[in-house]
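Novice: Not my notes, these are from TrEMBL:
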BINDING   A:Arg53, A:Thr54, A:Arg103, A:His131, A:Gln134, A:Leu264, A:Pro265  carbamoyl phosphate binding site
BINDING   A:Lys82, A:Arg164, A:Arg225  L-aspartate binding site
DOMAIN    A:6-144  domain 'Aspartate/ornithine carbamoyltransferase carbamoyl-P binding'
DOMAIN    A:151-299  domain 'Aspartate/ornithine carbamoyltransferase Asp/Orn-binding'
Amino acid sequence: MDDRDHVITAKNLSRADIETVLDRAAAIERDPPDRDRHAGRLLGLCFFEPSTRTRMSFEAAIKRLGGDALDMGPVDSSSATKGESLADTVRVIEGYADALVLRHPSEGAATMASEFVDVPLLNAGDGAGQHPTQTLLDLYTMRENAGGLADLTVGIMGDLKYGRTVHSLAYALTKFDASQHFVSPESLRLPRSVRYDLHEAGAQVREHDDLDEVLSELDVLYVTRIQRERFPDENEYRAVAGEYRIDAETLERARDECIVMHPLPRVDEIAPAVDATEHAHYFEQAHNGVPVRMALLDLLLDDTDGEEAADATDDSANGGSR
Amino acid sequence: MSERDDHELRISKIQDGTVIDHIAGGHAPDVLAILGIDGSTDEVVSVGMNVPSDRLGHKDVVKIEGRELSQDEVDVISLIAPAASINIIREYGVAEKHRVERPAVVEGVLSCPNHDCITTDGEPVTSRFEVLDDGVRCAYCETILRENLTEHISV
Ligand SMILES: [Zn+2]
């Protein structure tokens, strides 16, 4: 992967990069790697914002590769609250770990942090910015369940303005010539910077305020949560959220093959009755976080494993890392 | 009326310094803001506003005595005055003449308007903006800024 092996934004992932990761994830699922594949490697988890699932899936991924995770702990007990800069924190933790995972409430945090460290840095969400590893697992789920990634028709519904998973996914889908339909209330449409990139990339994009305008064409319906705190008024939130909620009846108007995805956690934008339908793929999508993050870590750690692992394990039979 | 006549009629020649010509009419104050000229410095500055011009209809002209602009300053001027020409004056003559060129990137000049941007958090980082055809874009949070660039100048 380019960009000094940091994974900051889906924009910097080429179609070939994405396919490499997804192929490796598929291989890992078919044939799980040896439990000591990356023995002794440490992943530093720097979560300045709580995200139990993302943190746990990275932790599961490194442990299943034989490595271990170092967690800086909840942010209120970390040095960040003592006024230490993010730049200093990542430089310190870089000294303990072979790769870093960063979740931070400020946009651009991962880009900045990557300028201060030499080990691979993975962006696990920066404010309303980007969340590229989520995008990789989203694409993996689509590839496995929607018959590949080429020429898909994808509907993305909900909070398109603040939803970082949406921004990352939209960039990545342009690399596969997907036709993208964005469904949201007027106030939560895509931000200017994402529109700019989609336009530059020549993406096929349409915007709708009603899902029914496009539902019957979709191969994938990607639903996101509309957050109450984005609305000054509770009634306004209820009115909007209610219109972007799907249930089993809604999906009767969808193609039989249409898969429904959601980055989770959901609140009530997907009715529980949808879970039992053939459309539901969001739990599988969440589970895919582990093999996809294993694949990514495997690729990133491989680059540096070669000599170091051989040095560190020269008494063992498997001097190399493979 | 030729451009040459404008100069001679309206603003006297300077011995050493910089003449910024062909600023779009009314934008001289923005150029002064970029250069940090607010009346508190002791530079001698002459400003012509809404001077008739063949090329622009009306243009502004700024002459600064005793100061040659740096490339960084010229780069930022290009963002708000893309048609400007910059003459470096030495001993009453034009020593160098530049058309401004929009740079690919401007660093440390604008501050990001997005309050959630990491560059506004007190981190040891210099702001960096990619220059687009019709605006600039924060290299960190990707916010696009098209209007009122001068309000975000941080030099
Ligand atoms: Zn910014």
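Backbone N, Cα and C atoms are what each Cβ position is placed from, and that goes for glycine too.
A TrEMBL annotation is a machine prediction, not a hand-curated record.
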Novice: For carbamoyl phosphate, what surrounds A:Arg53, A:Thr54, A:Arg103, A:His131, A:Gln134, A:Leu264, A:Pro265 with a Cβ no more than 8 Å from their Cβ centroid?
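Specialist: What remains near the Cβ centre is A:Ser51, A:Ser57, A:Ala124, A:Gly125, A:Thr165, A:Pro263, A:Gly289.
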Novice: Of A:Arg53, A:His131, A:Leu264, A:Pro265, which binding-site residues are close to A:Arg164 (L-aspartate binding site), meaning a Cα within 10 Å of its Cα?
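Specialist: Those near A:Arg164 (L-aspartate binding site) - Cα within 10 Å - are A:His131, in sequence order.
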Novice: I need the least crowded one of these binding-site residues (A:Arg53, A:His131), counting other C-beta atoms within 10 angstroms of each C-beta.
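Specialist: Each of the binding-site residues A:Arg53, A:His131 was scored; lowest Cβ tally within 10 Å is A:Arg53.
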Novice: For A:Arg103 (carbamoyl phosphate binding site), which residues of its chain lie six or more apart in sequence with Cβ-Cβ distance below 8 Å?
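Specialist: Those within reach of A:Arg103 (carbamoyl phosphate binding site), by Cβ under 8 Å and sequence separation of 6 or more, are A:Cys46, A:Phe47, A:Phe48, A:Glu49, A:Ser51, A:Thr54, A:Arg55, A:Ala124, A:Gly125, A:Asp126.
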Novice: Could you check which of these binding-site residues, A:Arg53, A:His131, A:Gln134, sit within 10 Å of A:Arg225 (L-aspartate binding site), going Cα to Cα?
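Specialist: Within 10 Å Cα-Cα: none.
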Novice: Check A:His131 (carbamoyl phosphate binding site) against DSSP and tell me helix, strand or coil, would you?
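Specialist: It is coil.
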Novice: How far apart, in Å, are the two Cα atoms that lie farthest from each other among A:Arg53, A:Thr54, A:Arg103, A:His131, A:Gln134, A:Leu264, A:Pro265, the residues recorded as binding carbamoyl phosphate?
Specialist: 17
Novice: For A:Leu264 (carbamoyl phosphate binding site), which DSSP three-state class applies?
Specialist: coil
Novice: According to DSSP, collapsed to three classes, what secondary structure does A:Thr54 (carbamoyl phosphate binding site) have?
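Specialist: DSSP assigns A:Thr54 (carbamoyl phosphate binding site) to helix.
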Novice: Please work out the number of neighbouring Cβ atoms within 10 Å of the Cβ of A:Arg164 (L-aspartate binding site), leaving out its own Cβ.
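Specialist: The Cβ of A:Arg164 (L-aspartate binding site) has 22 Cβ neighbours within 10 Å.
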Novice: CB neighbours of A:Leu264 (carbamoyl phosphate binding site) within 10 A?
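Specialist: Counting Cβ neighbours of A:Leu264 (carbamoyl phosphate binding site) within 10 Å gives 15.
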Novice: Can you check what DSSP calls A:Arg225 (L-aspartate binding site), collapsed to helix, strand or coil?
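Specialist: It is coil.
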Novice: Indicate the candidate from A:Thr54, A:Gln134, A:Arg225, A:Pro265 with the smallest number of other Cβ atoms within 10 Å of its Cβ, considering only these binding-site residues.
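Specialist: Least crowded of the binding-site residues A:Thr54, A:Gln134, A:Arg225, A:Pro265, by Cβ count within 10 Å, is A:Pro265.
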Novice: Please average pLDDT over the domain 'Aspartate/ornithine carbamoyltransferase carbamoyl-P binding' (A:6-144) for the predicted structure.
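Specialist: Mean model confidence (pLDDT) across the domain 'Aspartate/ornithine carbamoyltransferase carbamoyl-P binding' (A:6-144) is 94.
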